[in-house]
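Trainee: Sharing a structure below in structure tokens format, with a few things to ask.
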């Protein structure tokens, strides 16, 4: 796959979550609680996202951004969208960003690209489901259930599209004006969640509680970024030492690398599981708005 140490750790975290979700689904199915197949379809979509994200779907150009903070990661990938490429080019040459801020901004662009990939996968799934549904002539209880599934998928599409539009507007604003030092959050995933939470059906007390939880979540993400950087440094150092032939030095660094790799995987899993939980809560709040 030619993935960096950081991406391999992230792949491990994604697959661990996928495995846990599939085990939960198998229990539900055994109890007859997924008759409409919606949870199974969502699992397939999630696996499609993982396959696309890490270039495992057989398409050479499908792999998402693999940022390497130690090298010139921001230069080593494309954004697959002329509008994003233009904004990124403007931001790089504007002189409004420090190197650290450019790294942070690149993470935002990368996150936005990933959201578009996920939206396109869901859109393709919905289109296939609609084609199958149109070919069914006789109305039945089963078809009514499928209509409800389609309705839920359209609502999910609507939420993802709203998030993409909000995200693009933020990227446009930041690229032109630079970062706002008074901004409440910095991490793109947290900014997305906060924007959506403010649109959801939360009371003031619930919103305040959610804000505090997002602060803790952002701190968890920052800790994960720290370990990702340390893992990449350790990986580069290990490759250098392998060429020197110093076995003692090599063994010590292998131990350090293994420790950093395990910690990065563990934190990656915790971050992504927490993100799932927060996203689910917001989704429920947005659904209440429509009722």
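From the backbone N, Cα and C atoms, a Cβ is placed for every residue, glycine too.
Please treat TrEMBL annotations as automatic predictions, because they have not gone through curation.
Taken from TrEMBL, the feature domain 'Alpha-2-macroglobulin receptor-associated protein' applies to 2-61. Residues or ranges marked as domain 'Alpha-2-macroglobulin RAP C-terminal' in TrEMBL: 79-291.
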Trainee: Mean pLDDT for the domain 'Alpha-2-macroglobulin RAP C-terminal' (79-291), rounded to an integer?
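Mentor: So the average pLDDT across the domain 'Alpha-2-macroglobulin RAP C-terminal' (79-291) works out to 85.
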Trainee: So, by DSSP, how many helix, strand and coil residues make up the domain 'Alpha-2-macroglobulin receptor-associated protein' (2-61)?
Mentor: 42 helix, 0 strand, 18 coil
